[in-house]
Amino acid sequence: MKMIIQIFFIISLISTISFASVQDFCVADPKGPQSPSGYSCKNPDQVTENDFAFTGLGTAGNTSNIIKAAVTPAFAPAYAGINGLGVSLARLDLAGGGVIPLHTHPGASEVLVVIQGTICAGFISSANKVYLKTLNRGDSMVFPQGLLHFQLNSGKGPALAFVAFGSSSPGLQILPFALFANDLPSELVEATTFLSDAEVKKLKGVLGGTN
């Protein structure tokens, strides 16, 4: 319980500009138009307490996949009540050897809190300096907006962490999938990554890319 309180305290700190300063809330209406500031607002007369609650973070994600990890997001519009409030969160489950590969959130900074296990986490600055830290239960680390970062289970058992973001829709781009899980011609991938034809085709084969 103390750990959960810490997580939500962090969430309350990472948002400095809130839609709620204009009106009480703007529950996401997924059927309406979306703008850079978020989803359009649901009719207040149709808003219920269920819009402000999310129950999906208590269940472990399925880590039976190539990265041996799972992310359970609580973003808008799935978590409708956080729309426009400048916060969101997610659950990270990592089996032994599991990894959240190098990725970036273009729309928000991220704070991670380790609940179980040991996680090696780090990010790379725009000057290509690496900031790397081994985190244990109760430890936290912040990842600045837009910078490449990762989380790796470096312990002997499963690892669990919760992350909070300074946006209700932080966005996500995972570098290996962006490079090799698409239909960009292999010769262009080779030219822009300095990898060989065999290496590119191997990675595309593993991650589902074509061409």
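Just so you know, the numbers here start at 1 and follow the chain as drawn.
Cβ from N, Cα, C; glycine included.
According to Swiss-Prot, the protein carries these features:
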| type | residues | note |
| --- | --- | --- |
| SIGNAL | 1-20 | signal peptide |
| DISULFID | C26-C41 | disulfide bond |
| CARBOHYD | N62 | N-linked glycosylation site |
| BINDING | H103, H105, E110, H149 | Mn(2+) binding site |
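Distribution of Swiss-Prot features across the structure.
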residue	record	DSSP (3 states)
C26	disulfide bond	coil
C41	disulfide bond	strand
N62	N-linked glycosylation site	coil
H103	Mn(2+) binding site	strand
E110	Mn(2+) binding site	strand
H149	Mn(2+) binding site	strand
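In sequence order, T104, F123, F143, L147, L148, P170, L172 are the same-chain residues whose CB sits within 8 A of the CB centroid of H103, H105, E110, H149, the residues recorded for Mn(2+) being left out.
Counting Cβ atoms from all protein chains shown, H105 (Mn(2+) binding site) has 22 others lying within 10 Å of its own Cβ. Of all the recorded positions given, namely C26, C41, N62, none has its Cα within 10 Å of the Cα of H103 (Mn(2+) binding site). In sequence order, C26, V27, A28, D29, G32, N83, G84 constitute the residues six or more apart from C41 (disulfide bond) in its chain with CB-CB distances below 8 Å. Cα separation, E110 (Mn(2+) binding site) to the residue listed as 'N-linked glycosylation site', rounded: 22 Å. Rounded to a whole number, the C-alpha distance linking the residue listed as 'N-linked glycosylation site' with H105 (Mn(2+) binding site) is 22 angstrom.
A sphere of 10 angstroms centred on the C-beta of H149 (Mn(2+) binding site) encloses 21 other C-beta atoms.
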